[in-house]
Structure formats: structure tokens, C-alpha cells
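The block underneath contains the structure these notes are about, expressed in C-alpha cells.
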Amino acid sequence: MAQFDTLDIVVLSVIFLATVAWFTKGKYWGITKDPYATSYAAANGNKPAKTRNIVEKMEESNKNCVVFYGSQTGTAEDYASRLAKEGKSRFGLETMVADLEDYDYENLDTLPEDKIAMFVLATYGEGEPTDNAVDFYEFITGEDVAFSEAVDPPLEKLKFVAFGLGNNTYEHYNSMVRNVTKALEKLGATRIGEAGEGDDGAGTMEEDFLAWKDPMWTALAEKMSLEEREAVYEPVFAITEREGLTKESPEVYLGEPNKMHLEGSAKGPFNAHNPYIAPIAESREIFTVKGRNCLHMEIDISGSNLSYQTGDHIAVWPTNAGKEVDRFLNITGLLSKRDSVISVKALDPTAKVPFPTPTTYDAIIRYHMEICAPVSRQFIATLAPFAPTEDAKAEMAKLGSDKDYFHERISNRYLNIAQALETISKEKWTAIPFSAFIEGVNKVQPRYYSISSSSLVQKQKISITAVVESLELPGRDALKGVTTNYLLALKQKQHGDEHPDPHGLTYEITGPRNKYDGVHVPVHVRHSNFKLPSDPSKPIIMVGPGTGVAPFRGFVQERAAQAKAGEEVGRTLLFFGCRKQKEDFLYSDEWNTYKEALGDKFSLITAFSREGAKKVYVQHRLQEHAKEVNELLLQKAYFYVCGDAANMAREVNTVLAKIMAEQRGIPEAKAEEIVKSMRSANQYQVRLSINYPPDDLHITMSYQRTASEPAFHNRSSSNMYTQPQTRTHRDSQGQSASFTPVNMSGSQNDSASMASLMNQFAGMALPGGNMASAAMASAQLPMGTSQYFYNPADNTYLVAPAMYPPQHLGATQHAENAYGSYAGATLPYFAQGAAYPSYIPGFPLMPYTPNRAASYYTDRSDQVHKEVPGLENRRGSYSTNESAPGTPYYGSVSQREQGTQIAVVDRSPFGSTPSPQQLPIQHADQQPVKPLPYKTIPVNIDLDALLVQHPAIPRAVPAVFTPRESMRTLDQSLSNPISGNRNVYIRGLHPNTDDETLAAYASRFGKVETSKAIIDTSTGACKGFGFAKYFHIRDSELCIRGFYKLGYEVGFARVCESFNSRLKAEGDESSTNLYISNLPKNMTESELGAIFMDYTVSSSRILRDPQTHMSRGVGFARFETRDVCEEIIKKFHGQPIGEEGLLLQVRYADTSAQKDLKRITTERRQFRTNEYNVGAYGTAADIAALSPPALIPLGTRSTQLGRHIPSSRSSGSWKREHSGTR
């Protein structure tokens, strides 16, 4: 055998390595990188903790320009991002974009003079602020605005610019930016440049924005002494190719909207951040003409928690056509890399990645980028430096600077970004960094369609009526609607076409990883105020040509069902128009069926525009029926319009005023005022669509988004994609609770727990409830150790083995596979008794208020239905992450580790919130005891009749722990010490009250300016209270009288000093003791001191559990001076530490007074929460008093209730708090 010497081995090794290198070139090395695909280490740098102080945030991140946005669908947010980027690239400003909802405004007066604030504000509905701008708008336009410093005028240092997004088809055009500008100037702020106004109604939003911003920058540069520089592209996002991953890797997102969908465990609540993958139960064509398509689809929502009401919207999450995806990948040189896996990280701590990563280029372009939208002139100018040739660069520069030339070549043809690049140069545009596309191409938004069915008739199916859009334009292929062609492909698939290809477009209709297979579509429901009158006997007039008839099909369908059920139904008049009766007469076969049910109450008046010598439209038919229309309006008929915003709606509005003028013999100007008042009173409701390619033309909205935020400018950067970091949950304050623990050891009867519970209630009487003794309760109810659940789906009880040890209320999050170890166990069912067909049994996890989340907790806010205004992160609710001390924990250290959370898995399938009719405890009416020193406004209204209007207001959830003599009288409730206050606080609302329900309750008393039900962010259940603000104080008083009559705690809301302000006032300005939390569990005192080795540590200690001696994750360190403490907080707060990368939390240690304030506030809030939960969900005694007795285990619930009662009735938490936070 031959022997190899050293030289042979070296030579062979070199040959081997060279061979390996040759075959791996281009795969593992020698790859042409995106020039801006830098390491994303910078993105993982120091992340400051969340703060609601914008000035503090700007100082932390070294910013001198903040761009606030108030946005409903993302367009205002996109414009804000563009302004921020341009300010940085052209003038060197350190900019940040800020959601108005994320910050407080009391400290705007401390914004230094060398900083600038910009406001980009869309107008919603009839002159209202967008959801995320409600708090800001109410604050800044309030009568008595209080800022942090006593300076007059308070905002004399503030410099601002403003741009508004509106629609001139609405009466209150751009009122948001106008009112905010006026308010800021009134408070002393200095406006720079003109306040810009974009008009979506005229289709000039983009050009209005561009025309405004250039002179604005000139004025700003002059005012702030800014020097313009050559604009240089600076990426906001870092792109990194993940060579170790492929598209088959399970952690790679291929279009899934969030982690639950990626892992195949998607569950509700389903909303604008979490779609439901709904099966399409039925689809059919309802046009009878070749070459045009109109789809009717039935979406099955029975497998979800989705519900809808007649008149709501359904949102469809679209997918881009394969033809356009390939075009984009090809022109940008990414076709060969379409399946390469990349990570995207924000280089600026204030920026958000608009989709989840790691993912692929194909997935981003197919599912997340609005690549079919018309490209903007500003984006073309931004890409000019990356043109493949000098000629292309010159062309791009000309297009970016000459709006007429841009209109001629690009916008007049509605070219998207890829088509525009192809038109300018056939060369591949490989030099454009992919980060520029992420920043400049808007995120795909769901498309909203009017639901065309009645929830009364088909509760589990939602009907969609949609014309498939196809627009022939000169010089290009036909323009195709993104979503409607996607729906057409789904319809073709359902009808047997294995390879649907509508209009030459292909779609990935099976979705990422085939998760949409079986003809499914991702959807969610958005609630709307476009509703039938609550009284079905009220007459209605509807005008809906084309697919504008969609919501009115649902209206008529509902009225027909009501008539069949024997209800009195008012006159129902529908004006419908289309081209030809034999081609596009929508639902022509259904109207006669509804006519049979409604009889003379229903009339359908049609206008077929292409069947006569002269075109006839719905407004002409309206004029022909002027006499009846006027008579119905005199009977307070509701008037509805749905359809084209540009022409039809304007014409109908004009004709309506003309009808009134002619029929009533009044001047036309007076008639126009009447029409305006009808709109203000919601007697005249309009839902408009805007004919604006390339989006689907009949996306209809009942608010000003159609005009203020066009569908193709929807930039969304939701924090839903912020991947939760691996963190150990901790007690937010590290404080022990001041409550008496109750023995949790379970026995057959759990008598000790029951006795302890009853002792807490000694001497108290619960109205409507029999406080039975423990012995009686134990004798009546079997209390084994098994757990019982009620399954409302089939009216059965399920008994399962006790798979968890006895636990405290809501103290931990159950594992999702909790039942796994009991797969072989026998789980007998008990039949649901007729006596209690809907009773929800006792269960260890009731929805108590969760603990305040620290900055390292997973964001749960997207689990609440975000389409209801003001229910997720409003300062009025102390369940949000920013506004309250944490609820104390009650268990051992090991139990506290998980944080107080709601057990979603075990609460959702087996139980639900009881209905108001199931609450046995009622609240007695109170009579005035002593008069007030002034006279209230007299009321000569039948309150009883108002209270039973549909929907009838139920009796209040009782305040079961509050003695009757401590409850406020009616006169005390009507006391209004704040001049001009019209805001009413209402407590005792039922758990299933939402924003729409409260609005329906409140509107019967008068015209409501705003209303808000306070919702628990984790459970979606109402926390028992809410607010309603009226335009007139007499309506506020009537509201108080009405709710008071039903037992609610109600009165004028008080403006109280914030908890944080009171906490700050109790601080010690000379303290040098720092409180340090989020420490690793294995850290010692010496290691804690080593963190601050560059400073002199006077003393330090780590808090430990007295039994296990384990660290609680918190400690203290004392330093020499206050200045050193300030430096340490600034340097170390938010820094990652330890192997887990926990973010260090550093602040001044609480003083004794601060600790007392936190404890008392927590106890008071916990007392009110416990009182509400017992009143709403019942106590052990309620179960014990049932006859016949229910087979429900009482022990666990009684133990929990006992554990949540304060140890002493003399503590502050037992006293009725009339000056609490409202």
C-alpha cells in the first residue's frame, strides 16, 4: 500500500478545499449582497423601555422632530413616515414617527424650542377624530386644558406643522386638522407654514400632499435655521439573508400574518390583526352578461368567535396575483432569489417592521406589499439614484419633479411600481435596496365589503356582493381589482376549476403552506354605525345603485323576517339602479319574496340607465317619488345612501333638498339646513365608495376613510409582528399583597374555605342573594375534587379530573396541552337540566383584572377587537399597560413567576360571560334623601318608555359589597361641580357591553358626542363602567336619571389628578436609592454591584423569598449623589442582562408614601373589581340558593372569593371611593 508523505497530504488538502469552494460559490460565499443589507446588530441594540412621555422618548432616542399621526387605515401613517424620512435625508433632522395613542399630552408644553412637532391627521366620519386620536383630540380641544407647567400661554414654546386628510363629499371636510390647528394656536403654539389639506374626494390626495410639503419645508428651514443637503438614502430596515434556513423551515413565515397562524394554532379573537380563515360555503355569479362578473359569496363564520350585525363590514385579506408578483421579482432582479429566507430588522428603535420575519422575498411581495397600487411621484424621485442607466436616472428625476409629465406617463395610466420601472427601463433595477421597497411600498390592507345579509336571518353566514373589477385603459393591460379577482379565482376553484386563472391572473389560493386549501379566505368583521333604526316600525328610505344595494339587501331581508315574526314594520322604500334589467339587476329573483312577506310596506323602485333613449338614474326616480319621500321624512323616516361618492351621492343630496323645498314650500337654503341636521342626527346616513383604481372600486365605508385615506395608500406597521422576547414574567412591584391567604387544600366539602369566605361577609347583606352558611352550602352541593365545565354548544356539563392543584384566581396561564396527560381518562357528561338551560358553572378562572404588563411582556392588545373605537389602550381604563399599578399576586413565589394572566384556553371553550338576564341579584332604586343647593333641569319625559326602547337597558350589575346607605342619591348623582361638564360616568354595565351597545343605550337620552365602554384588554369583557358625553347638559342629566332608575352608579365624571402625578408628588427629590428589577434569578449581591463597577456603590441588596431564599429578581443599590443616580438610570435602564437578555429596569426606589399610595390605590381598584365580578358573575351563595341544586363544585370558587377579600373591613378598600379614578 502506498504511503503518503506530508507534501502529498498538503497538496491533496488544497485540491479538496478548492473543489469544495468551487461548488459552494454563490451559495455560501461570493454572494452579491444588498448594499444596505447590513448586520442587524444595531437593531438589537439598547431598547429603551416604553414611556408615555414624548419629550422623554425624544431625549432617550436623540430625536429633534416628532411626526404624530392620527390614522384609521394607514394612509396618514404612511404620509407621516414619508415626512420623517424626508426630514432626515434632506435636512438632517433626527426624526421619529409617533402614534398619538401611545403618548400623553400634558407635557407638550415642555417640548424644547429647538424641536419640532408635526401632525398628520385624517378625519373620520362626520368630522370625528380617528380611533387612535380620540384622546388627543378631546384633550387638546377641551375647555380647561391642563399642562405640566403653569405657563401662560402653555404652548408658547411649541412649533408645529400640520397636514390633514379629508373628503370634500362630507360636510365636515378636514375638520380634524382645522380644529387641532385652531386649538394649538389658541394655546400659544406657533404654526409653521400653512396647514395642508388633502382631498380624497377629488382624487388629488397625493398631489395635495406634495404641493403642501415643499413650501412647508422651506418655511421650516427658515424658521429653524435648517440647511438643506443632498438627499442621501439612509435605510430604516436592515436586510439579512438567513443562509441556514429554507422556505421549508418551520420558523419561516410564508405569508402567515402572525405566529399563531405559523404554528397552526390560530384562535380568536379574530380581528384586524388576526384573520379567521373562513370556509366559503357558497359562491355564484349574479350578473347574466358575458364579460362582466358580480359575485355573491357566503362566508361561514360558525367555527369562529366572529359575529356581526346587519349593516356591518366584512374585511377580506387579499393576495397579490402571481403575474404581478413575478413582474416585480423580475424587474428588481430578485426572481432567482424569490425563495431565499431573509430577516428584516428596524435600525431605528422608533420604527416597526410591517410583517413577521424570517420570511422570503416571495412571501413579502405576495402577501404584504401593495405592489398593484399606483406608484407615487415622490417614491419615483426617491428611487432615481438607483437607476440602472444614466438615461433612466434622468427620466426618473424628471418624473419626480414634473407633475404634469408624471401624470401623462405614469398616474394617468395607473401604473404600479413594477410597471413604472419596466416603462422607464427594460434593464433590471438590481441596485435598489430591498429596504427601500419595504419603506416606500404600502402594506397590503384588508378590503372592506358591505355585508349583504341579515344577522337575524343567517347568524353564522356572511354574504358578500362584489363586482369583479376590470378597467380598460389605453397604453396598458386592463386594470384588475386585487381582491375581487382573487375572490373570482376562489369561486372558480369551488366550481371545479383545478387551475383558476381569472383574466390571466393566477393566485396562491391555497395560501401559505396550503392552509387555505378547501376554498378558504382570511377575513374579519368590522362593526359599523350604518344600522337600521332600533324601532322596526320606523319608515326607511334606501338609495343603492349597483353593489350599493348590498347593505340594503340585508336591511330588507331583516325587515321581512321581522314581519314574518309578527312585528310591526314601517314603510320600506328602496331605490335601485343598474344598466339593464336582463344583465345586472342584482338579486332580481329575491325582491318578490321579500315583497310577499312585507306586503304594501315594501316598494322597490328601479332605474335602468341603458334601456331607454335617455339615461335614468336613482336620483331621477327619487324626484319622481317626491311626495311620498317627503311624507315619510315628515314621519321621521331614516334615509340611507350607499354607492358612488363622486356623483350619485352628491346628486341624491341635492335632489333631497330640492324635494323638501318644493313639497314644503320653503327656500332651498332652508331645506339644505334640514338635510344637514338630518345627517348630524344620524337620520341621514351615507356609506360611500370611491371609484379609484387599482383597488376594487366598490369598497364601501361609512366613515371618511373613503375620502381621507384612499385604499391604495394604506401603510400599516402594526406591532403585532414584534416577536415576543423570551422573558421571565415577574411581579411588577415585587411587593407582597396585603390580603389574608386562605388555605387552598381541598377536601370533599372544603368547609374551611367556605367558612373563611363567609366570615369575610359577616354582617353584610347581598341584595337578592341568600348568604347561606357553609354547612348548608356543603350539604346542598357535592364538592368533589373534579372540575366541571359547561359546554354551551350542546348543553352539557363535562366533568374532568382535577388536572391542576388548587390555585388562585387567574394566577397562571394554563398550558395549551393541559388535557394531554388525561387522554385515557373517562370524561362522563351530565345532561343539561331544563331548570338552568344557560347557567355557567363555577370555574377557577374568572376574568379578574390582569396585572400591569412591563415592557418585556408579550403585547396582548391585538387580542381585542380593534375596530371598536377606544377600547384597547385608552387611559380611562386601568387594565391597559400604562395606567395602573399591578394587581397584587396572591400565591407563592413559584406561582407569581408566571404573572397574573387569564387562562384563555380553559375559559374560552367551556364557558362564556353570563347574559344580563342570568344575573339574579338586582339593584333597588334609590330615592333622593336630601336636596342639592341648586335646581336641576326639570324633566318631563317618560323615562320608563326610554329605558325599554330597543335595545332595552338591563338593570345594573349590583354593587354587592356597598351598603345601601353609602350609595349616592339621585340629587348627589346630578351634582355637577365642574362648569360645562357634559361627560357622564356609568358603572354597573354588564360584561357583554361593548362600545356599540353603550352608544345604543346612551343615544336614547340625546345626541351623544362620544361614548366609551371600558374593556378588559385580556378578556374582551366590559369592566363594568363606561362614559357617555353629550352635546347638551340637559341630555347628560336625563341620562343620569335613566341609568340611576335601573340601579347604576352614575353621575357627572370628575377630572381627577392622575395616579402618576400623585405618585410623583410623594417622591423624595434627594433620594439616592435605586430600585432595580428584571434581574436574573441566579444573580448575587456581588454580581449586582459588579454591574455598576465604574461607580461607588454605597450599599446593595437583592430581595429573596424568605422560604426558598431564591431571588425575586429585584434589588436595591444606593449611590453617593443624585447626579450619579440620574446618569445610571440613563445609562443602564433598558440594557439587556444575563443569558436570557432580560431588559434591566432601573428607577428610584419608592418612598414610604409612594408605597402606601400604590397599596391603597391597588386595594381600592381591586375592591371595585372584585365587587363587580361577584355582582356580575355570581358567588357561591348564588349557586347554593338555586332550586333544584345544580351539580356544580362550589369549593374552588369559594376559596377564590375568600382569597380576594381584604383581610380587614377597616382598610381603605372597603370604603366606597367617591373620588376614585374615572
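Placed from the backbone N, Cα and C atoms, the Cβ positions cover glycine too.
Copied from TrEMBL, the annotated features are:
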BINDING   71-76, 122-125, 165-174, Asp200  FMN binding site
BINDING   Arg292, Thr547, Ser609, Arg610, Lys615, Val616, Tyr617, Val618, Gln619, Glu651  NADP(+) binding site
BINDING   Arg447, Tyr448, Tyr449, Ser450, Thr465, Ala466, Val467, Gly481, Val482, Thr483, Thr484  FAD binding site
COMPBIAS  714-726  compositional bias 'Polar residues'
COMPBIAS  733-751  compositional bias 'Polar residues'
COMPBIAS  861-875  compositional bias 'Basic and acidic residues'
COMPBIAS  1196-1213  compositional bias 'Polar residues'
DOMAIN    273-519  domain 'FAD-binding FR-type'
DOMAIN    982-1070  domain 'RRM'
DOMAIN    1072-1151  domain 'RRM'
REGION    711-751  region 'Disordered'
REGION    861-898  region 'Disordered'
REGION    1196-1222  region 'Disordered'
TRANSMEM  7-24  transmembrane segment
For Tyr617 (NADP(+) binding site), the spatially nearest of the binding-site residues Tyr170, Tyr173, Tyr449, Val467, Thr484, using Cα atoms, is Val467
Could you state the whole-number distance in Å separating the C-alpha atoms of Asn167 (FMN binding site) and Arg447 (FAD binding site)? 19
What residues, ordered by sequence, lie under 8 A Cβ-to-Cβ from Gln619 (NADP(+) binding site) and sit at least six positions away in the same chain? Val543, Met648, Glu651, Val652, Thr654, Val655
Around the Cβ of Thr465 (FAD binding site), other Cβ atoms within 10 Å, all chains included, total 25
Could you check the binding-site residues Ala122, Val467, Val482 and say which one's CB has the most other CB atoms within 10 Å? Ala122
Pull out the binding-site residues from the set Arg292, Thr465, Val482, Thr484, Ser609 whose C-alpha sits within 10 Å of the C-alpha of Gly74 (FMN binding site). none
For the domain 'RRM' (982-1070), what's the mean pLDDT in this predicted model? 87
Within 10 Å of each Cβ, count the other Cβ atoms and name the one among the binding-site residues Tyr173, Tyr449, Tyr617 with the highest count. Tyr449
Quick one: of Ala122, Tyr170, Arg292, Ser609, Lys615, which binding-site residues lie within 10 angstroms of Val467 (FAD binding site), measuring between C-alpha atoms? Sequence order, please. Arg292
DSSP-assigned states of the domain 'RRM' (982-1070) in counts, ordered helix, strand, coil: 29 helix, 26 strand, 34 coil
Spatially, and counting Cα to Cα, which of the binding-site residues is closest to Val482 (FAD binding site)? Options: Ala122, Tyr170, Tyr173, Ser609, Lys615. Ala122
Cβ distance under 8 Å to Arg292 (NADP(+) binding site), same chain, sequence separation 6 or more: which residues? Val467, Val468, Glu583, Asp584
Counting other CB atoms within 10 A of each CB, which of the binding-site residues Ser71, Asn167, Thr484, Ser609 comes out lowest? Ser609
